[in-house]
Amino acid sequence: MGKFTKVAATMVVTSALILGACGKTDLSVEKKVEAQTDKEAAVEVFAPHKGLNQKPTPLKMERIGEHEVNIEMTAQITDIEINKGEMYKAWTFNGEAPGPVIVVNQGDKINFTLKNMDPSIPHSMDFHAVHAAPSADFANVMPDHTGSFSYPADNPGVFMYHCGTKPVLAHIANGMHGMIIVKPKEGYPTDSQVTREYALVQNEWYKYNNLEDFTNGVPKYVVFSAKALKGGDPNTNGAVGSLVDKPLLAKVGDRVRLYVDNVGPNEVSSFHVVGTVFDDVYIDGNPFNHMKGMQTVLLPASGGAVVEFTVTKEGSYPIVTHQFNHATKGAVAVLKVTKDGHDDGSAVMSH
């Protein structure tokens, strides 16, 4: 059940928008966002966010019991570089887009707290990994307020999380999305064979805060990001070329596991690693959905998977969606394989 901790009684949004009753707020904000559909809106920053660039906030996770974990995240406005020299004033979780990867165990109780640092818009959290009553457990957290919720993570897999506040499309497309991994109780049957693993997220970027483009347009960019599973792992935002300029690394003979999620919001992903065949695939990351020998894995919007393959030779292995119009728009990463697993400075092959 949700509990809200009031930080302030009244918050000024703009001269035309004052947050009052929750229902009125939803309607006012929805109309405000929907109004951002003309050509000017494509480049004009949403007025309450002008000049706002909140510093990224570390994810807070604390295990308080064998099967219970506390997680605290922020909703905030942070400038994200989505292509070289091109900034997007993103609506984010913790100042990242996609947000930080969350890893819990099957059977955990998640005690989740969302601190809404956005001065003007309510936000929320929709975890695809849990059983919950959305009207209560995914409820809006008002600007400058904090909301706390609890739910079980009983199903293993790779899941999407996102803001569920209306209009949901605007919140996701503006950057409020990420991946949560629920590790299976009994693990995966191939755990002992894996020598290297990464978490990858695919997302799309459209015209800034333009609901018309989000709804009827095509993405300007489709991109990959790497999210850190542990300290020292690469951790990037969804940006064109970020995982080509600084490729992922492996050594000859490694069995590589990728946790993959397509957070959309609109397009499918035909996930493929050039130069190899997936030895084992777990659709949605669930060990019961075990497939072998796949060349490409279809990920619907929000869909996830665990894919595993062995790299047998040195070289560059492009990671793409085989929707090649999307690869052309940026959905390319590179796995660089060397003798020792370190970057040797050689040029990489891209697509």
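In case you wondered, yes, glycine gets a Cβ from its N, Cα and C as well.
What TrEMBL says about a protein is an automatic prediction, not a curated fact.
The structure displayed is predicted, hence computed values, not measured ones.
Some features that TrEMBL has for this protein:
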- His123, His128, His162, Cys163, His171, Met176, His322: Cu cation binding site (BINDING)
- 78-186: domain 'Plastocyanin-like' (DOMAIN)
- 232-339: domain 'Plastocyanin-like' (DOMAIN)
- Task: Taking the Cβ of Met176 (Cu cation binding site) as the centre, count every other Cβ atom within 10 Å, in any protein chain shown.
- Result: 29
- Item | For His123 (Cu cation binding site), the number of other Cβ atoms found within 10 Å of its own Cβ | 26
- Rounded mean pLDDT within the domain 'Plastocyanin-like' (78-186) lands at 98
- Task: Take the Cβ of Cys163 (Cu cation binding site) and count every other Cβ within 10 Å, whichever protein chain it belongs to.
- Result: 29
- Which residues, sitting 6 or more apart from His171 (Cu cation binding site) on the same chain, put a CB under 8 Å from its CB? Trp91, His123, His162, Cys163, Gly164, Thr165
- Message: Which secondary structure state does DSSP assign to His128 (Cu cation binding site), in the simple three-class scheme?
- Response: coil
- Cβ atoms other than its own within 10 Å of the Cβ of His322 (Cu cation binding site), all chains, total 16
- Note on the structure: Mapped onto three states, the DSSP assignment of Cys163 (Cu cation binding site) reads coil
- Note on the structure: Ranked by how many other Cβ atoms lie within 10 Å of their Cβ, the binding-site residues His128, His162 are led by His162
- What three-state class does DSSP give His171 (Cu cation binding site)? helix
